[in-house]
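Report on the following structure.
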Amino acid sequence: MEAASLHVQMHTASDPFLSHAALNNNNTMNKLNSAVLSQGVKDEHDNNDKLSLDSDGTTLLKDTSSGHGGNDGSHMGCNQESNDDKPLKQKRHRTRFTPAQLNELERNFAKTHYPDIFMREEIAMRVGLTESRVQVWFQNRRAKWKKRKKQTNVFRTPGALMPSHGLPQFPSSMGDSLCSFHTNDTRWPPMPAQMTSGPPLTLPPTLPRQHTGIGQSLSGHQGGGGGMNQSPNGFGSGISVTSNGSVQPSMYQSFGGGMSSMSSMSSVSTSSGLPSSPTNVTVNSPMSCSSPDTGDMWRGTSIAQLRRKALEHSVTLNGGFR
């Protein structure tokens, strides 16, 4: 008993923390602390594991998403820069003009095709449009007008579409019709005068009976009275008419079987009471081909003499009919 009490006294007297109760309490506290620490360590490990899982899963996804987001941002930045570099294409709005506006614009276009800035502004105020719209309308209208004018000029000039053969117009007077037509067309061969003789021409009954000799049909070699050969086309041919009634033989060209009507100069002059003049009227055309024996006679005459003689012959014929 004494030993136990001594032992207790020794422990309690020396230091209260060195007693068994205190030591036991300290041991329990240490155990509790160690348990708490171990529990805390376990909790930390669990938390670390959870963080690692989260980092493997969600955090990485966040990083990847942030990375993608960064890439998207960079791409968007590049696109914005490229869009800033390229000018934005504006949508073109087609202007619809009312009939009243078109009438006003057409009326001003009839006045001038090139209005100045002041006139365009005045027109824009009247029709309720902008000056730029009015300017564009005038530009389009001028282009349309030039195109239409060009087309009309092309259709008006037939020489631009088809070649011109340069055929002269038929003259009105008898002398011009006999002598002024010249051509180098040699497609038709010459025909003798005997083959071109046609049926006799008849005169209306109103003319006197003494003029019936005009309608007689005579060939170039058989006719006794001098006259004039006439083709249906109105072209003159090689004829030599003298006052004594002799007809020089000639070969001329006929288109589609011409009519040959020869009138007597002597009968015309006698019936009209005019003296017969010794004028030798000769009508020749470059289209006719003279016979070889009369070539020298035709070669010596000139165009001026032929026209003058043809005119005298026409005056003589007109005087005879009067």
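Glycine is treated like the rest: Cβ placed from N, Cα and C.
Among the features that Swiss-Prot reports, region 'Disordered' is placed at 41-93 (among others).
If you look up Swiss-Prot, you'll see 41-53 marked as compositional bias 'Basic and acidic residues'.
Look at Swiss-Prot and you will find 55-66 (among others) tagged as compositional bias 'Polar residues'.
Under the heading DNA-binding region, Swiss-Prot lists 90-149. When averaged over the DNA-binding region (90-149), pLDDT in the model lands at 93.
Look at Swiss-Prot and you will find 210-296 (among others) tagged as region 'Disordered'.
According to Swiss-Prot, the compositional bias 'Polar residues' annotation covers 239-249 (among others).
Summarising the annotation, Swiss-Prot assigns compositional bias 'Low complexity' to 250-277.
Annotation source Swiss-Prot lists compositional bias 'Polar residues' at 278-293 (among others).
Mapped onto DSSP classes, the motif 'OAR' (301-314) shows 12 helix, 0 strand, 2 coil. Positions annotated as motif 'OAR' by Swiss-Prot, on the basis of sequence analysis: 301-314.
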Residues of the DNA-binding region (90-149) by DSSP state, where helix covers H, G and I: 43 helix, 0 strand, 17 coil
